[in-house]
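Undergrad: Provided herewith is a single structure, encoded as structure tokens, for subsequent inquiry.
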Amino acid sequence: MSNRIIYLFLIIVYLGECEIDTNEIIRELENDNTMENYTTIMQRIGYFNETMQIKVHTNEEILNELTSLHEKYPHITYLYEIGKSLQGRPLIVLAIGKNPMKHLPGIPEFKYVANIHGNEISGRELLLCLANILVINYGKNEVLTRLVNRTRIHLLPTMNPDGFSVAIPGKYGWLQGRTNAANVDLNRDFPQRLNPAMIRNVQPETSAVMRWTRSIPFVLSANLHDGSLVVNFPYDDGKIEGIEAKTGDHKLFVVLSYLYARAHHYMWKKGPRCINQHDDDSLDEGITNGNKWYRVSGGMQDWNYVFANCFELTIEMNCVKYSSDEQLKQIWNEHKFALISFIEKVNTLTIWF
């Protein structure tokens, strides 16, 4: 077979993938009796200990909690700094794995990033809870032990500690603390896929995450937001807002997104996302293509996919941006099995294709 024929075949496959209908993919998943949900994942994982106090932690308290986990479990954790915020606060990552300090062939790299918008706080706290259960149950819970042994997991609880430091709870905090100290929305600060030649300086937080992402061969990732309850997948920007801007891996992104939504207690259900909010969205199945929802240029998930070869989703965890301690406990219980099972996909997703 000539190179020209092979090239044409790849183009046909690529175009066919892009034309796959999102709803048809979801129907295929629903008809697959092996697809898990919140209850079946809970039953499969079984009992595990949870000792993290679920509350709003300050930046200093987050660092202390991560340091404490590393000191107690140095054989499966590695605490490292990827850079500093504009105001000099450290951007700290906790890596968890059987060999946490370095990449090993055959062990996929996974990451969760939270708090890119400083006033969206649930991801910060859920990543602390996730780190806690992964390390304290190592050697005790079979599923969690296997996950740590087979994956190197990187958790960045706060990408925007400066924004968090000025964020306030309640409805009046809808925007305060969203941006970094230079008033830049970090989720609009990455190089744009539709205008990659545009040269501009990015913020130190953005630069740090870009260097970090390119320094490790990450396979799968999610960034955690608040403000709705939906899984958003690439592309975030298209030429016409309001219609799907599909990647060449559209089916993969839909599968990843829907499996997360299905693992949540009720994210997957049709209908309004956030009852009683004036700007509520009604999104079918709890997932959406980014550009179909609203266009974002310079977003982190598109940059990961286009420029770093990493599949990333944006997960809107909760309708309230700055949640109370009691709300955080509920959010953790709703998301914990989805967060665990999404990491598992870095090793098991091929069963869906």
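Yeah, the Cβs are placed from backbone N, Cα and C, and that goes for glycine too.
Pasting the relevant annotations from TrEMBL:
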| type | residues | note |
| --- | --- | --- |
| SIGNAL | 1-18 | signal peptide |
| DOMAIN | 55-346 | domain 'Peptidase M14' |
| ACT_SITE | Glu316 | active site, proton donor/acceptor |
Undergrad: Looking only at the domain 'Peptidase M14' (55-346), what is the model's average confidence as pLDDT?
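TA: Taking every residue in the domain 'Peptidase M14' (55-346) and averaging pLDDT yields 93.
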Undergrad: For the residue listed as 'active site, proton donor/acceptor', what is the secondary structure by DSSP, using just helix, strand and coil?
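TA: It is in a strand.
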